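**Student:** Structure incoming, see below.
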Amino acid sequence: MDRQFAIKDSLAENRIFLSRVVAAFLLILLLIAGLIVRLIYLQVVGHEHYATLSKDNRIKISPLPPTRGIIYDRRGRMLAENVPTYSLELIPEQIKDMDGTLAKLQNLLAIPDEKIEQFQKQRKRNKAFTTTPLLQNLSDEEVAKFAVVRPYFPGVDVYARLVRHYPYGELAAHVVGYVGRINEQELKTLPTAEYRGTDIIGKNGIEKSYEAQLLGTAGYEEIETNAQARAVNTVATVEPIAGSNIYLTLDIDLQKIAYDALGEYNGAAVAIDIKTGGVLAFASRPGFDPNPFVTGISNKEYKALRDSPDQPLYNRALRGLYPPGSTVKPFVALAGLEYGVIDFGHRLFCPGYYQLPNVKHKYRDWKKGGHGMVDMNDAITQSCDVYFYDLALALGIDRLSDFMHRFGFGEKSGIDLVGEVSGLMPTKDWKRSHRNRAWYPGETLITGIGQGYTQVTPLQLARATAILANYGKVITPHLVQEIITPDFATPPDLLPETKIPLKKQYVDNIIFAMTNVVHGNRGTAGRLSKNINYQIAGKTGTAQVFTVKQEEKYNEDAIDFKMRDHALFIAFAPVHDPKIAVAIVAEHGGHGGSIAAPMAGEIINAYLNPQKEAPHED
Amino acid sequence: MKIEMRTEQFQSPSLLGNLLRKLHIDIPLFLSLILICALSFVILYSAGGQNEALLIRHASRTGLAIAVMIVLAHVNPRRFQAFSVAFFSLCVLLLLAVAVMGQISMGAQRWLDLGIFRFQPSEFTKIAAPMMVAWYLSEHSLPPKPKHVMAAGILLLIPVLLIAKQPDLGTSLLVASSGAAVLFFAGLSWWFMIGIAAILAASTPVLWHFLREYQRNRVLTFINPEADPMGTGYHIIQSKIAIGSGGINGKGWLGSTQSKLDFLPESSTDFIFAVFAEEFGLFGCLGLLFLYLLVISRCFYIAVQSQDTYCRLLAGSLAFTFFVYVFVNIGMVIGILPVVGVPLPLVSYGGTSMVTLMAGFGILMSIHTHRKLLPI
């Protein structure tokens, strides 16, 4: 601008101003267009993304774990229940100084170091925003102690939780089993959806085999949360469906009698309902208290159980493998009759030993000096070994083994418990493939008296007895009678019933002989016949734990208790209308007749002549 | 064209027109403002968690602001021009007072407590600064000579630096831009502007050095909000989620989950636009931007229509500064500008800024309704 125009020039000023307004307005339009582009980017292009983020922001899914099904015995007594307890739980996400918090809590509530370790392990498995228990079964005093300082512990709270409880403790531990925390291995294979909010799982027994039915169905809540993750309101709820209640065939009273009957002996007692196969008693001694497992057993306690020489964690009724001894004799005898090898009247002289042709070795009878002239009835009643050496040899191992397999020897019984073992009923093929040796005739002899390779479980013995009492009708032992779902009751699936084709007369013969074991003059379990108003058919057994050398004398008193023979007994009653089959194994009991038979007698008597029932308060 | 229009206005003095002229109210501007204010109540009811007490306080402030606007509309713009220097000086003195008191109380100080009421002198400076610059430049011939530009710049820097030191970066930038707008409308040469822009860009590292920790964080956060999602980036992330989740049609009035559930901080004040966008969607946002554009257009129309340099410059600056307000706030909420504490004009809850804005519109109305009705 020239100097002379430096005086105000309104028109020029106006023109400049107008152009500047236009420029400013264009700039404004441009910038607003920029805002709009950005808005379109956020609200149209990115809408879905941000809508998801917004929903994630506010909606949290919170699982509602189902209540685990209750386990009852056949008369409705609770064997596994859910008891409300207080538990101190932490939400790691909400705790800034975890170590400090734990140290303070430990100081306050005297928490053992082990619980802290357990918590740390558990915490790694859980999601940071879910609760992880630190201490369970809080006493009222502990709850009160924590309540006072609660405001200083964000993310820590006391929750009322249902905890599994086994009121009968060790008595039913091997049947009912127990639940425990889901471990890392289980976590890998579990269907996560079904276990939302649940941190326990059946580890053993019925709790494990019926896990699917007991668990129930998890529900969930959709919770609207605010920025502090506090629940504001519940958007939707899907209620959990409680697990099914299960009624067992087990009678806890009879279970107690069976458990107590074993007395100081380790061993097992199994009682089966002959008609149905329902297991009435299933005792394995020693038992253990399953309750500590529920909330996490301490290492010390667990080691003590695991390393105990009595092996309390070992389910002897289900998994204990014993030589059946003389308890196989009725079945071997029946095989002889069925295969037409001998008849019931066949007689044989027992000199106290048996020799194979051209072999020097003497197979001894348990009775030094022998039983003299015996027929099949005498052989069973007095348990003559020589008679059965001869019979077994006549049958041959393959026919004998085949027949025994049909009664369930060497076969899993199919009981609804996990971990069953099949035992062993040897054949020539088995020996060739497993031992890489030929079968010796001598091995046939000792198989005939239930020694040698033969191994059975108490459950198998009870089942075989029941099949015999049933004249060949094969039953599947089972523990669950009814599964009560919230809507309807279902009986458990059983294997289809089969029948071994047996001649009734032969079975009658065997049962006659077995009845004489108890009621006959020279029966090995004669003392059992006292004071009963029904008849019992049974067979004693004594299983060698170690082999007595030739020329050596087995002296019961002189040898170590751990080397003493196992006492066995199988029985069913009443003879003419069989209701209950029992098998007893008393480890190192010595004699089947004096030790094991009375135990069976107690169980049978309690079942057939129930005491006037004391009122139960459940 | 212009003459015709003026004649037209002159020739049709209807009864209502006469009355309004006497009230010194510009109807198009007034109606647009009232519409925005009404919208403000609607959205505040939702953003504030349906807090009626909050609405009542907002109503009383809006009422006060409108009253201030009407009162100022009655004042002849000559008086504003005459009081410019005194007003600006007063503001600078008050800012100094605040600075001194801040020194004493060892902390951020924006408020001046006068016993009966507290106010922020920096708010008044938003009007005083363009008034001062407009007065100074209108005393000389335009376009301004470099020495006048320099002088105006120094005048402007005094309050800007005082406010920046409080520290209130947002307000100081707004004050600076209001003064700069006057220079721009006065015809500041483009080359000069480019030069200043270049110098500013070059001195960014130096400016960075003068920024406070939290201000630096804001800038860093703006560049990469996800870097610290729970800390300084939280505002921006949550605000973007709110806006984006609103979509085209929005979640409906009171349907904002982001603010209702406290995910969105400052939802009634600086971040109210996010709530609005979440509930009313893209269409709502376009509507609101249109209303703002309406106000700005009318203000520019008033500026163009004004009859002397001072009024022109002041009106242009006020119009442009209003836009800067809108742009800085929305730009910050939608994540294209750093977070600076600037409320959404006329909508955010908060008293002082509302009064200042309405005072500016009052001055604009005064400029428009006190024109001489004859063409020069």
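The count begins at 1 with the first shown residue.
Cβ from N, Cα, C; glycine included.
Predicted automatically and left uncurated, TrEMBL annotations should be read as such.
Pasting the relevant annotations from TrEMBL:
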TRANSMEM  B:29-48  transmembrane segment
TRANSMEM  B:54-75  transmembrane segment
TRANSMEM  B:82-104  transmembrane segment
TRANSMEM  B:148-164  transmembrane segment
TRANSMEM  B:173-202  transmembrane segment
TRANSMEM  B:280-301  transmembrane segment
TRANSMEM  B:313-340  transmembrane segment
TRANSMEM  B:346-367  transmembrane segment
**Student:** So which residues does the transmembrane segment (B:82-104) touch in its own chain, when a touch means Cβ under 8 Å and the partner is 6 or more beyond its ends?
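**Tutor:** Same-chain contacts beyond the ends: 110-112, 121-122, 124-125, 127-129, 131-132, 134-135, 155, 158-159, 162-163, 165-166.
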**Student:** Any residues 6+ beyond the ends of the transmembrane segment (B:54-75) with a Cβ under 8 Å from its own?
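**Tutor:** Answer is 23-26, 37, 40-41, 44-45, 48, 268, 349, 351, 354-355, 357-359, 361-363, 365-366, 369.
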**Student:** Are the transmembrane segment (B:313-340) and the transmembrane segment (B:173-202) close, by which I mean at least 3 Cβ pairs under 8 Å that are 6+ residues apart in sequence?
**Tutor:** yes
**Student:** Can you say which of B:29-48, B:148-164, B:173-202, B:346-367 has the most Cβ pairs under 8 Å with the transmembrane segment (B:280-301)?
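**Tutor:** Counting Cβ pairs under 8 Å, the winner is B:29-48.
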**Student:** Ranking B:29-48, B:148-164, B:173-202 by the number of C-beta pairs under 8 Å to the transmembrane segment (B:346-367), which range is first?
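**Tutor:** It is B:29-48 that shares the most Cβ pairs under 8 Å with the transmembrane segment (B:346-367).
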**Student:** With a Cβ cut-off under 8 Å, give me the same-chain residues at least six positions beyond the ends of the transmembrane segment (B:173-202) that come close to it.
**Tutor:** 122, 125-126, 129-130, 132-134, 137, 142-144, 146, 149, 152-153, 155-156, 159-160, 163, 303, 309, 312-314, 316-318, 320-321, 324-325, 328, 340, 342
